[in-house]
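**Student:** Under the heading N-acetylmethionine, Swiss-Prot lists Met1, citing similarity to another entry as support. Among the features that Swiss-Prot reports, region 'Disordered' is placed at 1-39. Look at Swiss-Prot and you will find 1-16 tagged as compositional bias 'Polar residues'. Sequence annotations record features per position, and here Swiss-Prot assigns compositional bias 'Low complexity' to 27-36. Look at Swiss-Prot and you will find His183, His185, His251, Asp282 tagged as Zn(2+) 1 binding site, backed by similarity to another entry. Swiss-Prot lists Asp187, His188, Asp282, His341 with the feature Zn(2+) 2 binding site, giving similarity to another entry as the kind of evidence.
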Amino acid sequence: MDENETNQLLMTSNQYPKEAVRKRQNSRNSGGSDSSRFSRKSFKLDYRLEEDVTKSKKGKDGRFVNPWPTWKNPSIPSLLRWVITERDHSSVPCSKELDKELPVLKPYFIDDPEEAGVRGAGLRVTWLGHATVMVEMDELILLTDPIFSARASPSQRMGPKRFRRAPCTVEELPRIDAVLVSHNHYDHLDCNSVIALNERFGNELRWFVPLGLLDWMQKCGCENVIELDWWEENCVPGHDKVTFVFTPSQHWCKRTLMDDNKVLWGSWSVLGPWNRFFFAGDTGYCSAFEEIGKRFGPFDLAAIPIGAYEPRWFMKYQHVDPEEAVKIHIDVQAKKSVAIHWGTFALANEHYLEPPAKLCEALEKYRLKTEDFLVLKHGESRYLNTDDEDVE
């Protein structure tokens, strides 16, 4: 997207109204993918200039930093202390026991791919393991942080291995219109999955990625890529009424030895005429979620992490625990949430079944119903009706 075309995409109001998608001038070329390739630009946002929003920040070395007092950088000594002195309580059992405790279901779309894509005000969510969810809303099908590989690692011969297989392959997915990437850690941005999705869908698939990730996406062959800073927005061509806003989170980025925080991290707020979806990505707890809820809430559905949180002295800055996940649910004003980032990879020291148990305790503490924060089986779908009653 060139500068002249970008300048045509102007906002027409200072405040995002909760009752409808913001109207904006849109003289974008209807030709589609050619005009959107390798884009570093978005609509011009008035609210990005507001004084009370937390803007992305870089340090003196030009790398992104977390702007909240709730953040502390992970250090090599603290990492070594965790690895050497902390006991691993994950206790992942054999496959037979896992099949009983964490069954992997066949997603509905494998046998009936034509059924994918809800109409009107309906919303359906399918958990595909870890932070990968498929969301059908407002005539679009979205995928978050796709990883279908056996390992979350630069090599499929070593590194964290799934103890629950992916419920489907990329080839078995239905039509996907957009992929949301929260950050570049290997368990959220898997090169093999990106390449497979790009080979399957090509330029028909729009990628929404954080600032600094565009070059990496290009090297994977992806062309229909939109790279955004916090509080910037864009859309899928032909679906201008659904707005994708890159919003803050408290985390960090790294893929190689020397590239710490050269790429931004964040969450996603997807705002449609019928539904609103929030994807928290990977995050510690911070004040950003109240800002997001204030501007874009209430959300019909939020996908919020509940796992990889022990030991707290090391993990709390980068990974919320189940109680903090409930706080995010409240902060963003989610009507329903779905638990992600658990039950797939053993990335921390809590027992592999502890996250949903602790989530139930937290929901009771905050006087919320268990059905307010869904815990799905791998491959399971849930349909959310317009009257806010969920149906399997």
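Each Cβ is built from the backbone N, Cα and C atoms, and glycine gets one as well.
Explain the structural surroundings of these features, please.
**Tutor:** DSSP assigns His251 (Zn(2+) 1 binding site) to coil in the three-state reduction, outside any helix or strand.
Around His341 (Zn(2+) 2 binding site), a 10 Å sphere centred on its CB holds 29 further CB atoms from the protein chains shown. In three-state terms derived from DSSP, His341 (Zn(2+) 2 binding site) belongs to neither a helical nor a strand segment and is classed as coil.
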**Student:** Rounded to an integer, what is the Cα-Cα distance in Å between Asp187 (Zn(2+) 2 binding site) and His251 (Zn(2+) 1 binding site)?
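**Tutor:** Cα of Asp187 (Zn(2+) 2 binding site) to Cα of His251 (Zn(2+) 1 binding site) measures 14 Å after rounding.
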**Student:** For the binding-site residues listed here (His183, His188), tell me which residue's CB has the most neighbouring CB atoms inside 10 Å.
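**Tutor:** Of the binding-site residues His183, His188, the most buried by Cβ count within 10 Å is His183.
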**Student:** Give me the long-range Cβ neighbours of His251 (Zn(2+) 1 binding site): same chain, 6+ apart, Cβ under 8 Å, in sequence order.
**Tutor:** Asn66, Ser182, His183, Trp265, Gly281, Asp282, Thr283, Gly284, Gln318
**Student:** Around the recorded Zn(2+) 2 site, report the further residues of that chain (criterion: Cβ within 8 Å of the mean position of the Cβ atoms of Asp187, His188, Asp282, His341; site residues excluded), sequence-ordered.
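**Tutor:** Close Cβ neighbours, site residues excluded: His130, Ala131, Asp145, Ser182, His183, His185, Gly281, Pro305, Ala308.
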**Student:** Around the C-beta of Asp282 (Zn(2+) 1 binding site), how many further C-beta atoms are within 10 angstroms, looking at every protein chain?
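**Tutor:** For Asp282 (Zn(2+) 1 binding site), the count of other Cβ atoms within 10 Å is 26.
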**Student:** Would you count the other CB atoms within 10 A of the CB of Asp187 (Zn(2+) 2 binding site), including those on all shown protein chains?
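**Tutor:** Step by step: centre on the Cβ of Asp187 (Zn(2+) 2 binding site), count other Cβ atoms within 10 Å, giving 24.
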